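As recorded in Swiss-Prot, the features of this protein are as follows:
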- 1-27: compositional bias 'Polar residues' (COMPBIAS)
- 1-35: region 'Disordered' (REGION)
- 111-189: domain 'RRM 1' (DOMAIN)
- 199-267: domain 'RRM 2' (DOMAIN)
- 313-389: domain 'RRM 3' (DOMAIN)
Amino acid sequence: MPNSHGNVLNNISLNSKQNPRSISKSCPNDKDARQKSFKTISAQALVRVQGAGYKLGDVKLKDAEVKEKNSLKKYDCKNATQEKKEQEQVFEKTVAKGSVQKYITKTSKTNSLFIGNLKSTVTEEMLRKIFKRYQSFESAKVCRDFLTKKSLGYGYLNFKDKNDAESARKEFNYTVFFGQEVKIMPSMKNTLFRKNIGTNVFFSNLPLENPQLTTRSFYLIMIEYGNVLSCLLERRKNIGFVYFDNDISARNVIKKYNNQEFFGNKIICGLHFDKEVRTRPEFTKRKKMIGSDIVIEDELLASNNLSDNARSKTILVKNLPSDTTQEEVLDYFSTIGPIKSVFISEKQANTPHKAFVTYKNEEESKKAQKCLNKTIFKNHTIWVGPGKDKPVHNQIGTNKKTKVYLKNLSFNCNKEFISQLCLQEKIRFSEIKITNYNSLNWTFCGHVECFSRSDAERLFNILDRRLIGSSLVEASWSKNNDNILNEIDYDDGNNNENYKKLINISSMMRFRTQELSAHQKGLTSQFQQVVSPFSSYSNSYTNMNSLVATPMKPHPAFNLITNTVDEKLHQPKRTKQENAEILESLKKIINRNLQRISISGLNKEENLRSISEFIFDVFWEHDSERLSHFLLMTNTSLESQKILQKQVTRAAESLGFTV
């Protein structure tokens, strides 16, 4: 036993000397670790030798363990290789299967038809029962709302055979289908392209009051010239559209029916393109290539050859609700007769709109003015009258009238002010009349009758678009009825009963006789010349700054206010905190409007502060209540925005900014 012990130790020591380089290169810590591991191994070897009795058995055991580990590694490698091959085979099968499915999908193409104008009660089962007579019919789909699951009024029909799809379209297109006339056409995603490839034919002056001219009969006539994708008859306008699948068919139809009789009426037809396409720069070149004689740019041009005056066919509709659409106006006014066009003016939200409706015939236009005036439309009383051209300012050369109509007159632009102005400018007049009061913007309307055309032209040039008393005066050569429903008749005399109602309006009662404040009296004459449009009135009662909303002399009707009432009108003085708040609001609103004012340097904080304080001190005389009300109006009133911009410009000029 002692000898075996020594042999084992010698064997271990010999094994440890097989790689002397690694030992020599090791650090001292590694040597200590190796010595400890050697001691542990030697101790284990002693135990094995003592238990087995000889060294050979221990060596055989080690060899067996090594062989077993090698065999396990080979088995794992073989299994991994086999699994990889199996995965590759599965992938190849999947790819082959997918390619077959793609090939099947390509070869078995479905022909889809769009079916529109379906009744809400029509279901997919009802569609299947009708179209199952075609052998290649596959399925029917009714499109529904995602949340409510209600029918959207259209769906799709799928056929395997293209011929069956065409037969179904010709048989059922524009026929009554469960109580409604349906439209069936090929499913096309790019409708804009379909409408603008030169195959959309427009028809005007169709006799749609003729019961024989139905959409179905119109469709059957048009398919004789080619494949019709869809057609439309607009009975409210006596117009129609036909979409062909090629431009040759479209040209043949135009050649056949343009300026020809159709069901007893002489009609006009031509190629039609959407407005979006017509406004593109390249459309002019395209129009020349197609032929300008067969292109109709707008449906309004289709009736230019008619002898009636177009102006007499147009009516003006006022006080329409702000949410009114063209379709609603078209439905309401087409009860009188066919309409050529409808135009709704664009105004700000929550304000009454007006519309211009043009009829086909002058008789129907007169009938609409008589029957629909002051009727209820969407809970609003509308005003219907003759349509007039929009007033064009400063085009006086063609005018021979001597009466100038004025609107947006503030309280300080009263009869006395206008008469003093005429005397100063040597304008001869026979009458100055204030006729109406507008309750929406607290302004007056009136007119001035001059002796001659030259006097009227001079007065027009002086007052038109002039800011007087916080209101932008508008002059015109014809009476404007835009706010006729919001106006109160007014007489210059003090016995007007209607005007007494105005006295109870607290917001207006604060306009009273005042004298210039101390800070305004201290202004230099040069500054007064800059801010006042009529600087030569400095010695009269009209020398007040024209941009100040409070007048120097009140309107004659306000003489009815007694002294007792006038004493109650005095407002309590505002605190510094309230003034600071209104100045901060004014500064923010001015900052928002700077993009409309081309003055450099105003966007700086200190400059905005100076401009705001100047406007508050000079133009509004520290009256924070009136200024706060005015700032609220700037959110909805374009006129108030223009007034504020004018005040900012005048203030910037006075403070030395380059305008």
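Cβ atoms are placed via backbone N, Cα and C, with glycine included.
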Could you give me three numbers for the domain 'RRM 1' (111-189), the DSSP helix, strand and coil residue counts?
19 helix, 31 strand, 29 coil
What average pLDDT is reported by the model for the domain 'RRM 1' (111-189)?
89
Can you tell me how the residues of the domain 'RRM 3' (313-389) break down into helix, strand and coil by DSSP?
19 helix, 28 strand, 30 coil
